[in-house]
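For reference, the structure is listed below as structure tokens.
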Amino acid sequence: MRLGVALSTIAVLLTATSARNLDKRQWGWPNFGGGNGGNGGNGGKTINDYKREQGAGRDIHVYAPSNLAPNSPLLLSLHGMDQDPNYQQSNTHWETLADSEGFVVVYPRGGTGMSTWDIQGTKDTQWVSQIIDQMKKEYNIDTKRVYLSGFSMGGMFTYHAMSQIANKIAAFAPCSGPNVFGASKAQRPVPIFHVHGTNDDVLNYQQVEGFLKNYRDQFHCPSQADTKTNYPNRENPNATLYTWGPCDKGVYIKHLKLQGRGHSPSSADIQDIWDFVSQWTVDGPVSASGNGGGNTTPTNPSTGGNGNGNGGGNTTPTNPSTGGNGNGNGGSTDKCSSNITKQGYKCCASNCEVVYTDSDGDWGVENDQWCGCGNRVTVGSGTCSAKILQQGYKCCPSGCIIYYTDEDGTWGVNGEEWCGCGSGSSSTGGGNDAPSSGSGYQGANGTNFCNNAKHSGESVTVTSNKVGDINGIGYELWADSGNNSATFYDDGSFSCSFQRAKDYLCRSGLSFDSTKTHKQIGHIYAEFKLVKQNIQNVDYSYVGIYGWTRNPLVEFYVVDNWLSQWRPGDWVGNKKHGDFTIGGAQYTVYENTRYGPSIDGDTNFKQYFSIRQQPRDCGTIDITAHFEQWEKLGMTMGKMHEAKVLGEAGSNNGGTSGTADFPFAKVYVKN
């Protein structure tokens, strides 16, 4: 009998004293606390705020925020053995996050045996799949952003679901419940966030490493974890977060170790879980897949929209309490009138400007107010398409600029067009965000390189690793394997071709003599246009600016795009400084110390990264602005050795192939 097999297997796993019976206490019966994390009831709604439904034959408790947007995510939270949805809800309170983050929560009821889960067969995976379909019909959820988290036996089922319905679940967060079948194979590499307490006397903590290793091996994750001690879990100051990745398909496995926690669900973990799972869709990271809030940008990039929508789906300012993110651009602070506040709009934070009024001066687009806290603009004409007018939007008056971003840098605001009729534009230099497909973006010399980029001048084709120079333009091709080549032109443009390379890079730009700092050289900018062709099997990638300094020895990256399907993440550096507005766009800054090959041989050196939050294929990079931001953070720059436009791609398995063409690439200095 299937249930008997499953329960006997579970009994073996419990602890060194697992000969004891599977009583209710061991499985988190409501009176069982275990450790210091059991109550979880820090406010929030009660089960009476939920809608109780019959979900494909068994009841489910559903919570949906009153202002739920279309294409919002779904999270399913599963109780432990011999428990019920009421107990799971009263300990986790997922609805408190659902209100602020905008997603649907479902608490299903277990139905196999003693309110347990079928962790070996298909009965309950089919039922969960039917619940997802039901939520699509009732709430129009985004079926690519469905997340599964379960406690105890619900956690065991969460692992089991990886082998059955990974095509319907984007990310998995088991809590205090390992996979009882150990090496059960997942249908695909999936993101995993496992939470477990060290004082768990039901499912012993010492078993966790072995269970997680099965999946790390399956997904070909790095053997060593990035370890963060004193991780700030809400209830546990002594938590430790372990991160393995990137693994196959760019996924990560994370484990939150809670010192002293027993065998209990807790609301203290839900923010950590949500922050992880919400980064993913079934197709990969949210930022790479384009799924995410249902934003619809105007369809004609040249006449009123960029067409680069990232699916961020933000409909409120980054900081709802102040209306701004604090990264002010130094502009004037617009005062809020009572007419604005009584309508429920937020005032701008200090040092932020109101730039997102429409052309007739109303706040937002007839409804919303937005604050601009980074002077992030897109240079383009104010012409209007019929498509824009049909949606009821205003055209920008003559002399105004279209602003396509909200304050946190995401493209579009639910498809709305914005006009900036004040400050904020310049057609030269850095700080302007050019649209990837171009709407007349002008480079430093007045060239419309986003639309008209093409290679010109003398060229040299390289088919093996080489550092060289062509009429004053420095270049390099390097690869560790495969059949690779690159063509470099003396106008700075270049084209990179790689076949079956484990790691490949090519770059072109300025070389220096390591005698002057960037301040002594002058203000450094770069302009680039990227065209991707037939890119395959890329696990990690950087497109942007690359270079070195000496004294101190620093390898630096400004990453504006990537050839992989996902944005470079926390794995690039062991110190994350945070998110900053640099040159008019949002970047995440990392710092790292490593030993390895460098321009001075194998030695210790620093690595600095700025990773753009939204990729672009064309634009101007204010390199000096990144140097200055790094220095504010205590990241010392040395004497400049080089600054070049970079295309780099790598694969953890099988090699990567494709072409990254840069028909326009230029690094230059303005004094």
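Positions of Cβ are set from backbone N, Cα and C atoms, glycine also.
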Which one of N314, N339 shows up in Swiss-Prot with the note N-linked glycosylation site?
N339
Determine, to the nearest whole angstrom, how far the Cα atom of N483 (N-linked glycosylation site) is from the Cα atom of N238 (N-linked glycosylation site).
49
Find, among the recorded positions listed as N238, N483, E648, the one whose Cβ has the highest number of other Cβ atoms within 10 Å in the structure shown.
E648
Mean of the pLDDT scores, which run from 0 to 100, over the domain 'CBM10 1' (335-374):
42
Measuring Cα to Cα, how many angstrom lie between N238 (N-linked glycosylation site) and E648 (active site, proton donor)?
38
